[in-house]
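Here is the structure we will look at.
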Amino acid sequence: MELKNKKILVVGLAKTGVAVARFLAKAGAFVTVTDMREEEALADVLAELSDLDITYELGRHVPYSFLMADLIVVSPGVPMDIKPLEMARSQKRRVVSEVELASWFIKAPMVAITGTNGKTTTTTLTGEIFKACGFETFVGGNIGNPLIELAESGQEVARVVVELSSFQLEGVESFRPDVAVLLNITEDHLDRYHSFQEYIDAKLRIFENQTADDFAVLNIDDPLVAACASKLKAQLFPMSRLHELEEGISYRDGFITFSHKGKVLRFGTEGFKLKGVHNLDNIMASLASTLLMRCDGDCAYEAVKSFKGLPHRMELVEEIDGVAYYEDSKGTNVGSVVKSLESFDSGITLIAGGKDKGGSYEPLAPLVESRVSHLVLIGEAKARMQQALGSLTDTHEAQTLEEAVEIARRLTKPGGVVLFSPACSSFDMFKNYEERAERFKAAVRAGKKGEA
């Protein structure tokens, strides 16, 4: 689509909206930005765009602007079913996401990665493998830099790796990755979607425009993911920790085996720095994606062995008096916490809770009963979590994260583990999951110094 002199409305002025507005203005479009927040709340953001010719409609959405736009670009934080967007679609206005817009201007081969959990680790590792194998690579999307920033820069890269949330996938039309990865599907964002199926359908849009020339990497150990296989137009490339595969990538007895069209590569996992059962899935997805896109096996293996993982994902903070403290603030849904609990056999003190996302906590029940010695609950969700899990183990409530850490310190015996994996978002008590993580680390370290 030619952007020059087109009337384009950008809905939402967070990080992605800023990047989109900047790109469109520089491309010569007539840009209007609308956001329900008032000007005072957006002062810093507006300063970033002050040198560009942009019209702002703040504190409200003006229906006329939605109806007159040649194109509407919606930021991921804005639900697609708000009334102005529904009205615009009913009048045949074109409504897309930032990822869709960016894809029109990016020609490099692309790996796109989605799933409820593990996206960021898999995306980062995939990018690291490409770079180690000599491919200049852009890594972005839901992690770090919006994809539109690559389009704006004009930088020529050999590979693109993009992490995609369900929100970003809602607004795709022609977006088509060469390799699309679906890691897993568990209940999440039910505070945004009307049903679990609606959330699943958003995830599956990653495959919508693929053809037989493309690959779909599916974790077939997840029944909801495996059920998608029959709907694919792309070539299925399965991954599994539970089954050996003649075609695909699988794990057995300490080795990952990649098999594709008669080519077989085996990778021993003993030297991997990235620990945890769930990370085997992330590693297999990263290896599959990069090896399918012409990375050298030895080079890819060395990159995996040197990868230490990311902050806020099962990060060992300290070992104090024989107790290991793990920070897993990115564990914002039940499925993620299940994976984290599976990494330990027993003796866990679990700190959980935060802003409730509307899903069921029942999938945690078997692991809480069998592996969690003490459960400490915080935040808005603690009443619901108490009801679902409180009778299964020794359970306590705390008013602050610092109090929760102190309770955990008192209860956990040497040789045990304190795991902070909330199963909830952070917005009831913190600005974001990063701030929540730093508060946990500070509380743990304060105890080490005898300050708590």
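Yeah, the Cβs are placed from backbone N, Cα and C, and that goes for glycine too.
Going by Swiss-Prot, these are the annotated features:
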- G115, T116, N117, G118, K119, T120, T121: ATP binding site (BINDING)
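On the structure: features taken from Swiss-Prot.
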residue : record           : CB count, 10 Å
G115    : ATP binding site : 27
T116    : ATP binding site : 25
N117    : ATP binding site : 27
G118    : ATP binding site : 26
K119    : ATP binding site : 23
T120    : ATP binding site : 19
T121    : ATP binding site : 28
